[in-house]
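TrEMBL has this to say about the protein:
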type: ACT_SITE; residues: Glu235; note: active site, proton acceptor
type: BINDING; residues: Glu56, Gly198, Ala199, Met200, Glu201, Asn202, Arg735; note: substrate binding site
type: BINDING; residues: His234, His238, Glu257; note: Zn(2+) binding site
type: DOMAIN; residues: 3-123; note: domain 'Aminopeptidase N-like N-terminal'
type: DOMAIN; residues: 162-381; note: domain 'Peptidase M1 membrane alanine aminopeptidase'
type: DOMAIN; residues: 461-781; note: domain 'ERAP1-like C-terminal'
type: SITE; residues: Tyr320; note: site 'Transition state stabilizer'
Amino acid sequence: MFVVSTKKELHTGLYNLSFDFNGALQPDKIVGFYSSKYKDAQNKIRRVYIATSKFEPTYARRAFPCFDEPAFKAKFTVKLVHPTGDYYSALSNMNAECSQMNQPSPGLTTVTFAESVPMSTYLACFIVSDFAALTKTANGLNGRQFPVSVYTTRAQQEKGAFALDIGVKIIEYYINLFHIDYPLPKLDMAAIPDFVSGAMENWGLVTYREAKLLFDNETSSTSNAYDVVTVISHEFAHMWFGNLVTISWWNDLWLNEGFASFMTYKSADGILPDWGLMDLFLVEQMFSVFVTDAKLSSHPIVQTVSNPDEITAIFDEISYKKGSSVIRMMENFIKPGVFYGAINSYLHKFKYHNAETADLFKILQESSPENLNVTAIMDTWTRQKGFPVVNVRKSGNKYILTQKRFLADPDAQFDPSESEYGYKWTIPVTYITNKMSEPTLLWFDKDANDLVIEFKEPVDWVKFNANGVGYYRVNYESPEWNILCNLLQCQHKTLSVSDRVQLLEDVFSLASARMTDYNIAMNMTAYLPQEKHAVPWSVASSKLMTLDTLLSSTTSSSQFKRYVRDLVDSVYHEVEWDINSNDDRIHRKLRTAILRLACAVEHEECLQKAGELFKNWIQDFRDNRPHPDIRDLVYYYGMHHVGDETSWNAMFKKFIAETDSSEKLKLMRGLAGSRSSWILTKFIVTATKEDYVRAQDFFGCLTAISDNPIGTPIVWDWVRSNWEFLVNRYTLNDRYLGALIPSITRTFATETKLNEMKVFFEKYPDAGAGAMNRAKALETVSDNIKWLSINRESLESWLNAHVQNKKVNDPKQVINDSFGSSTINYFLSSLHKDDKSEEETARYWEI
């Protein structure tokens, strides 16, 4: 903090404050203004150093004295001084106006940039690097054109071509959608070797992790392509939502991140309509945040925050994903034409200034029909936490709807009076029937006890929340659930992909919360062998793998795996491992989802093929490299199924030498698949050294190891023992550190583990970077414990009725049936290895 003392008392007026200051580039941090380095592609011993910045939310103050709050906008004039030669150049938000060599002294160059438009401190950006660029021209309004560029390390220049092509299309899409031009003279994207976030929307100079921007046909998968498209779409949406119009304070963060997250899918679907992105929205946005928002530890979208730790904590799923989900719901009930007209007015009115949630709702209200009170409706969704489940009861031709707050633990106690809306919502209820494929919209007011819908003639079925556009779940009585199950089995394409996805999501979540029976949820899966679209399989796979994890320590585990193997078998033989260049993107995603599920439940052919491809690759890294779409699976399940110490060492050497960021992450996840507890422990220790794992990837490494059942307790024990190291390295208000504890403990399901967590939080009361993350972690584990005690028997009964109890011939299964004792014995024996000298350890790792 800077304190300025004046000789005389100041009176109201305008003052100009100027002073000199200096600071140092931070070499050990990846926020503020910091230095980073990468290996020279030609001379791998040489390290090339760069300087770059990351200021959101409260790190600009680490680089220069400022009023570091979003409401304080200013015009920035930036001068950067850098070494002359070695290809070094400087970038900032605006275009360079002049470059003076040998200034301020020989061997240095001073670059002066044009004065910026008014912007908040967190959007400023500085880069000094030896990067190379690819550039294209984008079209603005009224014939205006401006350059769009991608900056990368020189050896990776061509890997920016895909991002550049997508970037031009996306920025032009937004300009035409909002009817407001991009206001800056240029738009740069830069791939930073060490970057704490996936990307950052600095105005005019968007920065990215390399894996989120670069694409190489030899190493990048279909999943990588989706990542590049969606991350660019998200960041470019911020050029309007966040940059042109900025929030007044961080409590309205959703106006930035919710809009950017929704527009991600809207724009990407607009330029790539055959990629199925609006169906993916449900899975990646709404269903994902449902998990968080169904807990007592959730928080409202509009949340009061007052210090940097609290500000960092709200960069979470609620701001991003719930925000995007309720915006999608608004777009639907206001209607797109009216909605985007109002958005144009909102952006025009507040451009270069600040806005609050009430400002948005007021303009939407002014553009909407008089009977639609946007503020009254949306306050129930933005100013209280949670969401409703709509319960449907049929009586003749009538359907009686009631609502209640949905909680993952139905026994959880809460006080409705803590919310001014009593945890009731004004719900846009939509539905379709066998006689009416176009959705009908009715309003279920928060103050109404129920909503009654009566049909003049009987209908065979009704599906509520058409296309899943509403931010709520729907629960039917058993007869209606059974009708919908039969519809899926007989004519599943009668329902849209989004409707099929939403039924799967709802029925499993409601069964988990004891609001419907697991018999119904499991019966619904019977239609899946007919399903050929990636997104329903993605949801089903997630639900089934969650059950597989929860049942892993029970006698039902092998029986459940057998059921899922039978379920996936026919589709597995349709997709298999061979990649056809003519496969569309959705089929490629289907293949990945099916192979991942099949391997996870120990489908014999799947594991054998993964092992075969893995062995071939280990023998010849270059000529036997698997296709990028299946590489993740081959690396992980190959290592897990047939890998040994020798193959792990070979893979580790490959990992250390690899310079492509996407491939390096695939190798890292593969290394995390080892079945050796000692190797996994040593991998964690090695990963703390930046020569092996970059600081930006360390949490990803820990999460990958913890996703391996053998690695879960190892990561938890290491984090507990090394918490102070993590805090010193990343700081307590690092949001990825905050997400770590909930992530690595999410599969715990015993009182022992719950007590360990409580003891840990008592020792480190600030652990988890915020009270919400700590509460979320504890609540999740408590829910898991309760789930096992209540739901296990009903699932066992269903499995006994539907799965033939035949002898298991799969040798892998025999290993797993005795896995508990073998793991303990192996871990005890590995303790002796931990006593190796440093020299022996170094030889083992061959570093």
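Placed from the backbone N, Cα and C atoms, the Cβ positions cover glycine too.
Structure with TrEMBL features highlighted.
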{"residue": "Glu56", "record": "substrate binding site", "DSSP class": "coil"}
{"residue": "Gly198", "record": "substrate binding site", "DSSP class": "coil"}
{"residue": "Glu235", "record": "active site, proton acceptor", "DSSP class": "helix"}
{"residue": "Glu257", "record": "Zn(2+) binding site", "DSSP class": "helix"}
{"residue": "Tyr320", "record": "site 'Transition state stabilizer'", "DSSP class": "helix"}
Alpha-carbon spacing, Glu201 (substrate binding site) to Glu257 (Zn(2+) binding site), which is rounded to whole Å: 11
Among Glu56, Gly198, Ala199, Arg735, which are recorded as binding-site residues, the nearest neighbour of the residue listed as 'active site, proton acceptor' by Cα: Ala199
Which same-chain residues, if any, lie at least 6 apart from His238 (Zn(2+) binding site) yet have Cβ under 8 Å of it: Glu201, Asn256, Ala260
Whole-number mean of pLDDT values that fall within the domain 'Aminopeptidase N-like N-terminal' (3-123): 92
Distant-in-sequence Cβ neighbours of Met200 (substrate binding site), under 8 Å, six or more positions away: Lys54, Glu56, Cys125, Val206, Thr207, Tyr208, Glu235
Whole-number Å value of the largest CA-CA distance among Glu56, Gly198, Ala199, Met200, Glu201, Asn202, Arg735, listed as substrate-binding: 19
Protein Cβ atoms within 10 Å of Ala199 (substrate binding site), excluding its own: 21
Proximal residue to Glu257 (Zn(2+) binding site) among recorded positions Ala199, Tyr320, Arg735 (C-alpha distance): Tyr320
Chain-internal residues, separated by at least six, CB under 8 A from His234 (Zn(2+) binding site): Ala199, Ala260, Ser261, Met263, Thr264
Arg735 (substrate binding site) in three-state DSSP notation: helix
Least buried by Cβ count (within 10 Å) of the recorded positions Glu56, Glu201, Glu235, Glu257: Glu56
Helix, strand and coil residues within the domain 'Aminopeptidase N-like N-terminal' (3-123) as assigned by DSSP: 6 helix, 42 strand, 73 coil
Site of maximum Cβ density within 10 Å, from recorded positions Gly198, Asn202, Tyr320, Arg735: Asn202
Remaining residues near the recorded Zn(2+) site, that is with C-beta within 8 Å of the centroid of the site residues His234, His238, Glu257: Glu201, Glu235, Ala237, Phe241, Gly242, Asn256, Phe259, Ala260, Ser261, Met263, Thr264, Tyr320
Rounded distance in angstrom between the Cα atoms of Asn202 (substrate binding site) and Tyr320 (site 'Transition state stabilizer'): 18
Nearest-integer angstrom distance between the alpha carbons (Cα) of Arg735 (substrate binding site) and Tyr320 (site 'Transition state stabilizer'): 13
